[in-house]
Amino acid sequence: MASESGLNGDPNILEEVSETKRDKEEEEEVKKTEKKDEEHEKTKTVPFYKLFAFADSFDFLLMILGTLGSIGNGLGFPLMTLLFGDLIDAFGENQTNTTDKVSKVALKFVWLGIGTFAAAFLQLSGWMISGERQAARIRSLYLKTILRQDIAFFDIDTNTGEVVGRMSGDTVLIQDAMGEKVGKAIQLLATFVGGFVIAFVRGWLLTLVMLSSIPLLVMAGALLAIVIAKTASRGQTAYAKAATVVEQTIGSIRTVASFTGEKQAISNYNKHLVTAYKAGVIEGGSTGLGLGTLFLVVFCSYALAVWYGGKLILDKGYTGGQVLNIIIAVLTGSMSLGQTSPCLSAFAAGQAAAYKMFETIERRPNIDSYSTNGKVLDDIKGDIELKDVYFTYPARPDEQIFRGFSLFISSGTTVALVGQSGSGKSTVVSLIERFYDPQAGDVLIDGINLKEFQLKWIRSKIGLVSQEPVLFTASIKDNIAYGKEDATTEEIKAAAELANASKFVDKLPQGLDTMVGEHGTQLSGGQKQRIAVARAILKDPRILLLDEATSALDAESERVVQEALDRIMVNRTTVVVAHRLSTVRNADMIAVIHQGKIVEKGSHTELLKDPEGAYSQLIRLQEEKKSDENAAEEQKMSSIESFKQSSLRKSSLGRSLSKGGSSRGNSSRHSFNMFGFPAGIDGNVVQDQEEDDTTQPKTEPKKVSIFRIAALNKPEIPVLILGSISAAANGVILPIFGILISSVIKAFFQPPKKLKEDTSFWAIIFMVLGFASIIAYPAQTFFFAIAGCKLVQRIRSMCFEKVVHMEVGWFDEPENSSGTIGARLSADAATIRGLVGDSLAQTVQNLSSILAGLIIAFLACWQLAFVVLAMLPLIALNGFLYMKFMKGFSADAKKMYGEASQVANDAVGSIRTVASFCAEDKVMNMYSKKCEGPMKNGIRQGIVSGIGFGFSFFVLFSSYAASFYVGARLVDDGKTTFDSVFRVFFALTMAAMAISQSSSLSPDSSKADVAAASIFAIMDRESKIDPSVESGRVLDNVKGDIELRHVSFKYPARPDVQIFQDLCLSIRAGKTVALVGESGSGKSTVIALLQRFYDPDSGEITLDGVEIKSLRLKWLRQQTGLVSQEPILFNETIRANIAYGKGGDASESEIVSSAELSNAHGFISGLQQGYDTMVGERGIQLSGGQKQRVAIARAIVKDPKVLLLDEATSALDAESERVVQDALDRVMVNRTTIVVAHRLSTIKNADVIAVVKNGVIVEKGKHDTLINIKDGVYASLVQLHLTAAS
């Protein structure tokens, strides 16, 4: 808002900038309304009882037992005050045979200890177990509801990062709010009520006077809770935004690396962290202020009580024991009310976190895959009709896709949809799958409106194979099995056979059990597609939707898959979306779509009769390129070319669905792993990892010393020192309070005149203590909040920086997937804060309490002090054992939940695939399986913690009994006086209170150790190929000569599959080299190696004769411009995406001219917001062709010396393809260019064509030379194209 006051402050400025002011004000207005909306969002919470909406009867039983335990445990202290009053009178009134009387009271203490032990056990284990169970249920319900949402929800309301963030972060907050904290709150409440009941029974008059301070207490407490809740949700919002940055960056790490975008990602992330830091500090300061006020009120009410109590002893005949019983009962009662604040803040945070989650859980989508309503027929014929359909994508309501679109497809026929990129072809597929409903008009199957069918059933009759196949992080077998519930291995094998996948599957070390990696990154595009086809075959659908299904395959697999598809297309209604006209020739009907209208339809031969028709023009466009070749070849080429026309376009769902926000991350997420189309993979990756885990758990890489973590807080040392001083002051307050109490006890048994003077004096001292605490508390929490929040910010920032600079191979490991790392950054950093800041405060406070306690005790009576001290180790041992137990569990639980969140991450990222295969239940089963382990651990932890917790109370009360008994003996023997006994007792019990508080922190500190280990594992790992390293050579003038000498290479994640052995290739400056070969032969791996995503295992790669390892990495990557098969765009404006190529510093004119060069300017200007159009998560708001053009503009803007085109034009329709190819031809001039392609037209004109097979280059030369080698590999590849096309 500063900018606003700046504008309105100075009238001269106003006149000068009236124009800009108006714009700014408009912006401000927009910001304000956005801000208001956000604020509105921030403060929404659910009512507390609603947190338990998902409890079952067993949970209720546990919660009832827990509640009874909490009440019993809470009454322990008030009952103790009763015994305590008896003790004081026993000591104070009898100067002889004290021991007798005292021992009777001491025995009661022991019984009280036993009762409290049982109650505390019930309390903690009841609440911890029910909390764990309910949180698990909420997690799975949330995922279940997310999976049932309609696709529009994913386009508009959420993204993968947010879902995983909520599942890992918010459920922790919710669990915190309904687990042991509820028990603690009930316990404190019981103490409060019990204390006051006892006080009233013993002496109502004094109690009433003390009660006058309660309204003040309550007000202070309430204020505290409100402030905490407000600031907590503000911080969460900022962290959620930061989590999205992590997800985007890691999900597209190859793009980030290639465009040296690490700095940008880091500064973007840090921006969100700063906001969260500020919120955290405010939260800390306000908490302290609230606590300080509470203590001030408490101590002042003491002062009042002491003074008034003295009066009552003189006037009303109260005894000293009675007065103290009342004071302490009221004190424990009200103190316990003050201690509820951490519980209240946990409740508030949980309620805020639950709001968004529960809102989602209750959301009923318009298109509901779980709904059992709707028709279920015996079978369908498969007539499809779109009738007068009007449609816009929900995420882009102002761009009309269809206006009155109609199309009829009769059952058993094949209809092909052709047209330019973005014309709405794939939208037809989305509507038939019922991913969306049209705004007007109907989609009918067999004459019945699609909306009338039961969604799950109708989807089970429709098979979808799309352009970007989405696989799940599971084995190949599991992936195929998505096609059919409980498919047998035989059926799966048969489907793989039909889809021509069994050849490459059999070659893999684990066969069908090979893991495919996150989003199938361990397979090449062609391999992924064949598995997707097998999955559709297994489903045996009535209606088959092929959205560019064979585009990602090389000629050989394409031919066989096409055959497989032809086989399964028989007697099915088939809708084919294709750019490549060869794919569509044999269709029964071809419909040409242009700008959301059907402009022509008919069979191939019919449509060709009209030479001016749209179809003929499309054909002509595809054939123009070949006019320079002789007629025969032209004939052949047209077919190949068109055949390969989109050959690499990896996917369609994404693309054109993407037109409307589709494929939310489906593929593009990892697209670049396509780089090596590595043919095999390693199932080992995942399995081995599990085996390792038994020997050296990955979750606890190595123990991290607390000093190392503390070192991260070094810059805050001054703040920490101030905080520690305040904490020490806070620690001394309680023991001093003990001295005051014992002095008051003595005063109560003095002669009247002395009694009057003494009570007035001590009352004033109590008030002084109160004012000390209103200074010390806020100081402590404020300073520690600064240090703690800075630490969280620093850890997140350092870790993220480290992660972004890791070599690309690191991200191929399953435990470094974007979901897991996102969860690590968000949860672990916060947990570590507990270890340094918050528990340091607690530790300093406890130490100073203990030291002060000991000094006071030894000065009062050293014999008794030793006896009481002998008891303290018992209390400490109990605390220590408790810590040990807690430690055992949290490590595994963390890894297990990490695996579960990967399942969620996968499913949400591929929501269209999950929906079209009705795989929601399957995903849920996988998820619950992964959650079973952590669940059991949580329960075990609850039981063990309960025992530890109960035992500490038993020890506490027994040691009280022992110390008073010994004190009585000492008084009888004349070794000490009764007020000294109380001084020792109070000093040490206040210290013990401090100890028991610190053991209550233990769940946090044991989690923090594991978190620290996992964070430092990242920080300590040196990136093998680190772009942030500034050393290395920089060449002044890059010519662009590239040479690969004797290169051997295996992907680090798949050490058993050799990609290259002894590969040699030299590329002269300014020349264009095309790499061809089958899918999985390693063509894209060359590009990955040139950008140093990986380093070869042996051999070397040079640029202008200099080995690239010796060059500065960042500089090297700036010399290369990469345009790849699945372009990854960031969820920013088009302008920002293009500028990304130049590190975000490109000028407007550079951006526009690169867009013009890449033929993107035209469509961008046509968009409502032009260059300021947001492209959506992973660019889903643009069609594939549009995304690709933006990606080319991004590569061109950095003016690279070496251009790497990995199937760059494959996703475009003929027209854009031609123009982009022109653009590429223009920018290829004087640049060394490496082209990876399946399509012949793209590579024919290359200066050199290199054919890669079995990891070596088997042929190279110009097209004309290679085509004439008899039985040559190239010639046979070309021949394949021709036969496939004809």
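Easy rule for this one: first residue shown is 1, then count along the chain.
Note: Cβ is positioned from N, Cα and C throughout, glycine not excepted.
What Swiss-Prot annotates here:
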COMPBIAS  646-669  compositional bias 'Low complexity'
DOMAIN    63-349  domain 'ABC transmembrane type-1 1'
CARBOHYD  Asn94  N-linked glycosylation site
CARBOHYD  Asn97  N-linked glycosylation site
CARBOHYD  Asn500  N-linked glycosylation site
CARBOHYD  Asn571  N-linked glycosylation site
CARBOHYD  Asn666  N-linked glycosylation site
CARBOHYD  Asn816  N-linked glycosylation site
CARBOHYD  Asn846  N-linked glycosylation site
CARBOHYD  Asn1131  N-linked glycosylation site
CARBOHYD  Asn1230  N-linked glycosylation site
REGION    1-39  region 'Disordered'
REGION    625-669  region 'Disordered'
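All chains included, 11 other C-beta atoms sit within 10 angstroms of the C-beta of Asn97 (N-linked glycosylation site). Rounded to a whole number, the distance between the Cα atoms of Asn571 (N-linked glycosylation site) and Asn500 (N-linked glycosylation site) is 21 Å. Cβ-based crowding with a 10 Å cutoff singles out Asn500 as the top-ranked of the glycosylation sites Asn500, Asn1230. When each of the glycosylation sites Asn571, Asn816, Asn846, Asn1131 is scored by how many other Cβ atoms sit within 10 Å of its Cβ, Asn571 comes out lowest. Note on proximity: of the glycosylation sites Asn571, Asn816, Asn1131, the one nearest Asn97 (N-linked glycosylation site) is Asn816, by Cα distance. Spacing of Asn571 (N-linked glycosylation site) relative to Asn1131 (N-linked glycosylation site) is 43 Å (Cα to Cα, whole number).
Cα spacing between Asn846 (N-linked glycosylation site) and Asn816 (N-linked glycosylation site): 39 Å, rounded to the nearest whole number. Following the DSSP three-state reduction, the secondary structure of Asn1230 (N-linked glycosylation site) is coil. A distance of 22 Å separates the Cα atom of Asn816 (N-linked glycosylation site) from that of Asn1131 (N-linked glycosylation site).
Secondary structure at Asn816 (N-linked glycosylation site), taken from DSSP and collapsed to helix, strand or coil, is helix. Classification of Asn500 (N-linked glycosylation site) by DSSP places it in coil, neither helical nor stranded.
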